[in-house]
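Engineer: Residues annotated as substrate binding site in Swiss-Prot: A:6, A:25, A:52-61, A:109, A:158-168, A:181-182. What Swiss-Prot records for A:54 is active site, proton donor.
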């Protein structure tokens, strides 16, 4: 599981949650709220800190942006839609040189996203060859398609909980990680909620594995 | 003309440039370098302060982001390819309620951008009905197409100078403003460079008007 943090929560709570969730995704809402909070986050033990900046600009601007976070981030999220030459080519090269990873968005979780572009985005993804992809948990069919097209890549899926996808569904359809944010950090008791969600996910995954066999 | 500021320059220089250029575009590289610099920028007299955040996320996240800058910005730039429901619909509504404007990206200036999607982006643009559009100055044909499709909208064109488009070309093809950044703020004498660029633009515009008549 990946914790999506869009705002600060007490460090004591975060370090409790960190016992159960070992990957965290950070976006601009949190960064802009208090950039110094990043120093606290990195002190905890995460397998991966993902900066979800939905990078979608020209190469020069994207490299300037990721450079600001290079000491905090293990990986960054960018849009594949912007294309390669003068955009993702330089970003991907820069991140590789810095030993950082890249996730490309192939399908978003909100209703208005249009999957008609997937064939185009797929070609970009094959050329850039990132660590993995973002595919909305609200689109199980797209998760299956992307899993089929990219056997060895990591698929991370936002949109679980507050945005409507059921816990465990994305994993059952081929995603590697589900991204959960508001359901945890907006809960009255985030730590208990974290444990409940992990349990729910485990039950669901076992169920779908049974039906698969 | 619009000054694109990706990094800080001495305030004395900026206020000199402000005598000639009355619109400024600010992006994350500058914001992340020193967010307090925004307080200095707003003290100068700009007709418009455009926050170029290339917004491309779900509605909740985009509204959280623009809320942080609502007291600084007159307008924001978002991508149209993310679609409407659960994304641009809420962003556009939020900005209208705050009396702020929106520019949608219809074509970017770098080589890797794919204009095949323009028909789709155009439909989104017609539905959202923003103040105007971003169309790369390196794509004169796209500027003409967008101008033809959207007679009364503002077209702003990045990509002049450092990215390769000639000064004045975008205006001659139908854009309202050319966006210039590195050619000015990376120059040894940004104020003199500003005057030279404005002069070059005027000469080019007069030339192309003469050839039109």
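Placement of Cβ uses the backbone N, Cα and C atoms for every residue, glycine included.
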Engineer: Which of the binding-site residues A:161, A:165, A:181 have a Cβ lying under 8 Å from any Cβ of chain B?
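Structural biologist: Listed binding-site residues passing the 8 Å Cβ cut to B: none.
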Engineer: In DSSP terms, helix, strand or coil for residue A:165 (substrate binding site)?
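Structural biologist: DSSP assigns residue A:165 (substrate binding site) to strand.
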Engineer: State the three-class DSSP label for residue A:54 (substrate binding site), counting H, G and I as helix, E and B as strand, and everything else as coil.
Structural biologist: strand
